[in-house]
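Engineer: The sn-glycerol 3-phosphate binding site annotation in Swiss-Prot covers THR12, ARG82, GLU83, TYR134, ASP250 and is backed by sequence analysis. Per Swiss-Prot, ATP binding site is recorded for THR12, THR13, SER14, THR272, GLY316, GLN320, GLY417. According to Swiss-Prot, the feature ADP binding site maps to THR12, ARG16, THR272, GLY316, GLY417, ASN421. The annotation glycerol binding site is assigned in Swiss-Prot to ARG82, GLU83, TYR134, ASP250, GLN251.
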Amino acid sequence: MTKYVAVIDQGTTSTRCMVFNKQGEIVAQHQLEHEQICPQAGWVEHDPLEIWERTKDVIHGSVAKAGLVAADIAAIGITNQRETTMIWNRKTGQPYGNAIVWQDTRTDIVCNQMSAEGGQNRFQAKTGLPLATYFSGPKIRWMLDHYPGLRQDAEKGEALFGNMDSWLIWKLTGGPGPAAVHVTDVTNASRTMLMNLKTLDWDEELLSAFAIPRAMLPSIRPSSDPEFYGFTRQDGPFGGEIPICGDLGDQQAATVGQVCFDAGEAKNTYGTGCFMLMNTGTEMVHSNHGLLTTVCYQFGHEKPHYALEGSVAIAGALVQWLRDRMRVINTAADIENLAKLVPDNGGMYFVPAFSGLFAPYWRSEARGLIIGMTRFINRGHFARASLEAAAYQTREVVDAMQADSNVSLKVLKVDGGMTANDLLMQIQADVLGVPVVRPKVAESTALGAAYAAGLAIGYWKNSDDLCQNWGVDKSWKPSGDDTLRTKNYAMWKKAVTRTFDWLDESA
């Protein structure tokens, strides 16, 4: 009997279930968006119960499209938006509030207070991360401080913290109920600011600094676990017992999906944000140029692989904003044709610092800026500048990564929804001055989670099996001369500096 691997890909704007075959090809998929809740400036939330309902719906839709039953599915992998934080009650399964999304900046006060006590990099040696609103630790602390009765429940082990992977695994394994499993993997745990990168365990010093009870935290497991996290339920959305044995944060999953298994290999994912990861092997490399040190993956009981990461908060989210808030376009795909109407940006730059700036600046007080406007500017320039924002932010991350690793980028592997935009990919090649390559399966995030689950059960034997599945769909070579490339990049950098200190009352 032919078997398949199913993946739940829980992202920032949508949830989908995808079914893969042994060749790494998509057999079926179903996707649904969920609401972006913005109760006040700087706050971004998701409803965990809505996401669970969407998850059940996409599982049913995908399995039905593939014409499969539970017995046809060998294993399940999970991949998720990282850092997004929720806390729920162990007995009732009810969240204490909406999930606080990774883009949310309400924890700025927490981060500033802790930075004042020991500097923004006070935990970097252990966590590889700067103190920033991006990560889960400050979000948990904020919830504990603001939700009545939560701290008491957390100390008794009745309140459970999780990123979306933990929440979905808990629900899929029967939560609330005695069989429910409360776990996460090393990649997601490495984004909390609470895990020690060397021990791969929760760190008591970090927990004490954030005043977070250990009893509320999930157990940390490998990204590909031959011992399985647990099994889906007969009465659950899959309709049978299937092992859940792969779990990675979305960007680490994409790195696995792009088969970046050797030190020095890198990929860039274009989704809600932009995220570039470079595999540094089994050795940690700490950044001096604003990048993050993170766990890349851990397969079974092997040593973990680490990565340098450059995180950009806003990429595809800018296109979504143009569609939903500004009504500049009707669909996200319209941005490409609109941008094609002009040969360049007309001197206009758009720095989308909606949630501050992430790598390499880490400036939470920065805010979005459009500069260089004249009466010559039209909707086409606006669209092109929006695409260029993703390309220029990626260039900044590449520069930092090359400085930290002393490795020059020869080619950029890309994936994610925005890579369907051929114009953006050409702009990216032009901005970087190196070729850009899109694989046959551009949805590398879900594929990476499938690989992790499949390796755990022997569906694929090893990384060599996975590398054979990778192939080029399309590539773009850089055009234009270096003088113009340097000039335009300098203008972008100048625009970025104008966003600094916007929320600084003393400025």
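The chain as shown is numbered from 1 upward.
Placement of Cβ uses the backbone N, Cα and C atoms for every residue, glycine included.
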Engineer: Return the member of ARG16, THR272, GLY316, GLY417 nearest to ARG82 (sn-glycerol 3-phosphate binding site) in space, with distance defined Cα to Cα and candidates limited to these binding-site residues.
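Structural biologist: Its closest listed neighbour, by Cα, is THR272.
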Engineer: About how far apart, in whole Å, are the alpha carbons (Cα) of ASN421 (ADP binding site) and SER14 (ATP binding site)?
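Structural biologist: For ASN421 (ADP binding site) versus SER14 (ATP binding site), the Cα atoms are 19 Å apart.
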Engineer: Just the number: how many Å between the Cα atoms of GLN320 (ATP binding site) and GLU83 (sn-glycerol 3-phosphate binding site)?
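Structural biologist: About 21 Å separate the Cα atoms of these two residues.
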Engineer: Given GLU83 (sn-glycerol 3-phosphate binding site) and GLY316 (ATP binding site), what distance in Å do their CA atoms have, once rounded to a whole number?
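Structural biologist: One finds 18 Å between the Cα atoms of these residues.
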Engineer: Under a three-state reading of DSSP, tell me whether ARG16 (ADP binding site) is helix, strand or coil.
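Structural biologist: Strand, per DSSP.
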Engineer: Taking every protein chain shown into account, which of the binding-site residues ARG16, ARG82 has the largest tally of Cβ atoms within 10 Å of its Cβ?
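Structural biologist: Selected residue: ARG82.
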Engineer: Specify all same-chain residues, apart from the site residues THR12, ARG82, GLU83, TYR134, ASP250, whose Cβ lies within 8 angstroms of the center of the Cβ atoms of the sn-glycerol 3-phosphate site, ordered by sequence.
Structural biologist: ASN80, GLN81, THR84, TRP102, ASN163, ARG191, GLY249, GLN251, GLY273
Engineer: Please name which of the binding-site residues listed here, THR12, ARG16, TYR134, ASP250, GLN251, is nearest in space to THR272 (ATP binding site), Cα against Cα.
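Structural biologist: Closest candidate to THR272 (ATP binding site), judged by Cα separation, is THR12.
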Engineer: Pick out which of the binding-site residues THR13, GLN320, ASN421 has the most other Cβ atoms within 10 Å of its own Cβ.
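Structural biologist: The largest 10 Å Cβ neighbour count belongs to ASN421.
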Engineer: Of the residues named as glycerol binders, ARG82, GLU83, TYR134, ASP250, GLN251, how far apart in Å are the Cα atoms of the most distant pair?
Structural biologist: 15
Engineer: Let me make sure I understand the structure: which of the binding-site residues listed (THR12, SER14, GLN251, THR272) has the fewest other Cβ atoms within 10 A of its Cβ?
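Structural biologist: Selected from the binding-site residues THR12, SER14, GLN251, THR272 on minimum Cβ neighbours within 10 Å: SER14.
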Engineer: On the Cα atoms of THR12, ARG16, THR272, GLY316, GLY417, ASN421, which are listed as binding ADP, what is the maximum pairwise distance in Å?
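Structural biologist: With THR12, ARG16, THR272, GLY316, GLY417, ASN421 as the binding residues for ADP, the largest Cα distance is 21 Å.
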Engineer: By CA-CA distance, flag whichever of TYR134, ASP250, GLN251 among the binding-site residues is nearest to SER14 (ATP binding site).
Structural biologist: ASP250
Engineer: Based on DSSP, name the secondary structure state of ASN421 (ADP binding site): helix, strand or coil.
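Structural biologist: The residue in question, ASN421 (ADP binding site), is coil (DSSP, three-state).
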